[in-house]
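Report on the following structure.
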Amino acid sequence: MDLWQLLLTLAVAGSGSAFSGSEATPTILGSASQSLQRVNPGLGTNSSEKPKFTKCRSPELETFSCHWTDGVRHGLKNAGSVQLFYIRRSTQEWTQEWKECPDYVSAGENSCYFNSSYTSIWIPYCIKLTSNGGTVDQKCFSVEEIVQPDPPIGLNWTLLNISLTGIHADIQVRWEPPPNADVQKGWIVLKYELQYKEVNESQWKMMDPVSATSVPVYSLRLDKEYEVRVRSRQRNSEKYGEFSEALYVTLPQMSPFACEEDFQFPWFLIIIFGIFGLTMILFLFIFSKQQRIKMLILPPVPVPKIKGIDPDLLKEGKLEEVNTILAIHDNYKPEFYNDDSWVEFIELDIDDLDEKTEGSDTDRLLSNDHEKSLNILGAKDDDSGRTSCYEPDILETDFNASDVCDGTSEVAQPQRLKGEVDLLCLDQKNQNNSPSTDTTPTTQQPSIILAKENKPRPLLISGTESTQQAAHTQLSNPSSLANIDFYAQVSDITLAGSVVLSPGQKNKAGISPCDMPPEVASLCQANFIMDNAYFCEADAKKCITVAPHVEAESRVEPSFNQEDIYITTESLTTTAGQSGTTERAVSSEMPVPDYTSIHIIQSPRGLVLNATALPLPDKEFLSSCGYVSTDQLNKIMP
């Protein structure tokens, strides 16, 4: 309905203007405008259809003015339709009377101006707009809060300097404070902000606010034209006033060449060459440290290495130097068996633990299983002329110590042996109820091969097949047990490390140790004095066969050391005359040689024993002895 009414009104207005002229035009347009406002309220100047405050401003902190919109009746309202009333608080209370605006004209249309008579700082104000007796808008403030100074005036610039290249220049911009602001007396303190740009640009470059009325601008191009403007604000406020008029700065071109394009530093080339140089340095570093880098990336596998040994010694084959180095450590002992002679020893088979419970050591020694050991003892020594497996220095020390020990115990030795014989005799009486029968075995005399050197060595018994068979027959025959002594007790340990064993059964001649007098039992145990003359070991042990006949010939007592292999010439000549009668009595029977002391423990299965000498006839004496001097031979031979 309203739209049709509006269209009808326009049509009537058009027809009326054709007839009555322009007199009725304002009235018709006013009614049409009201109709349009009712149809579409957004077409009005104020969408709220009410007057409203836009701003209140004090340019110098002495006066202020407020502005508002006129609302719906813009340009058509009657005078006095919109009014402004204000009130201010004096002391601590608001005045109850609202006062109307003192000046609607000085500040412009739709504004109210308050001069210095109506302005008070640090006192709050409240203002309101009324239309047809009703309040449409209201606002409260203080004068110092609405200060917005006027723009500065009198802008100009001064050239400071020009660069050596003639491309850039520095200028100084100056201006004057706003004329209505009492800056000289300090009533108001202002801050200024300068902005500049090239004429063809749209973005302004702002400088920091300053309190002075001049500021330098640096690095302006000489061939460009710049636009400069300034605005101000109160020191304690953030609201800037209006900008001043723009100042155009045109700098003359002082350079002889055109500077449309500045000299560009070749950053691109520098970056390329820099990367290339760094790459070359990196490659050189890797090439020079490739071994170290390889060890860091791929560490070598550690190999066993003995500290203190030079690998070159192992490559060159100097094993003696290696053994010397290793001998420094306590847990290493050099092995000399590679370069030593064969060592003869009796092998004891103790692999099977069950065999230990089958019988005694004596039964196993006499059994057929021990034939292997006898064969070893009966093997011929082709290496008899070689030196012993033990170092001469070590053996020389051991035998010297043994000689000292034997010399000091010369008096106590017979007494100790006598006591041991008594103990063995007592054990034999307890074990044997009936005396054993003595039978004289017939054996061939085994040959004794001696060492070439003057140092003692373990004895090797070698002979023909008949000798081996005779020895086996004698050991296997029960009747020959009377001629064998088994040493089961340790009587003494010498300083050289040898163990002296004591017999536990009858002697080889069939006479029990308890039936023999103490002098006979200790006849061959006396110590002899070692001499430098060489002679066979077998002749030194003839006192063993003389022992049964000592009752008749006790006046002759040869003195030699049982553990020594070589005897002196004096002892040999003393016993040479008696050997004939003694050997005739015992030539018919020859006992198996007995091992009275342990020389060394070769292995967990083997023992190296020192063998007692066997009596030999006169004819065998020279054949078995290869180391007799001429003087000794002249004394022995008739």
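Glycine too: its Cβ is placed from the backbone N, Cα and C atoms.
Summarising the annotation, Swiss-Prot assigns signal peptide to 1-18.
Annotation comment: Swiss-Prot describes Asn46 (among others) as N-linked glycosylation site.
Cβ neighbour count for Asn115 (N-linked glycosylation site): 13 (other Cβ atoms within 10 Å of its Cβ, all protein chains included). The N-linked glycosylation site annotation in Swiss-Prot covers Asn115 (among others).
The annotation N-linked glycosylation site is assigned in Swiss-Prot to Asn156 (among others). Around Asn156 (N-linked glycosylation site), the same-chain residues six or more apart in sequence whose CB sits under 8 Å from its CB are Val173, Arg174, Trp175, Leu247, listed in sequence order.
Among the features that Swiss-Prot reports, N-linked glycosylation site is placed at Asn161 (among others), with the record citing sequence analysis. Asn161 (N-linked glycosylation site) falls within a strand when secondary structure is assigned with DSSP.
As annotated by Swiss-Prot, N-linked glycosylation site applies to Asn200 (among others). For Asn200 (N-linked glycosylation site), other Cβ atoms within 10 Å of its Cβ number 8. In the three-state DSSP scheme, Asn200 (N-linked glycosylation site) falls into the coil class.
Summarising the annotation, Swiss-Prot assigns transmembrane segment to 265-288.
The topological domain 'Cytoplasmic' feature in Swiss-Prot is assigned to 289-638; the stated evidence is sequence analysis.
The motif 'UbE motif' annotation in Swiss-Prot covers 340-349, and the record cites similarity to another entry as its basis.
According to Swiss-Prot, the feature compositional bias 'Low complexity' maps to 430-447.
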For Asn161 (N-linked glycosylation site), write down the residues of its own chain that are at least 6 apart in sequence and whose Cβ falls under 8 Å from its Cβ; none is a fine answer. Ala169, Asp170
If one measures from the C-alpha of Asn200 (N-linked glycosylation site) to the C-alpha of Asn115 (N-linked glycosylation site), what distance in angstrom results, rounded to a whole number? 43
Quick one: mean pLDDT on the motif 'UbE motif' (340-349)? 53
Need the DSSP three-state call for Asn156 (N-linked glycosylation site) to compare against my parser. strand
According to DSSP, Asn115 (N-linked glycosylation site) sits in coil
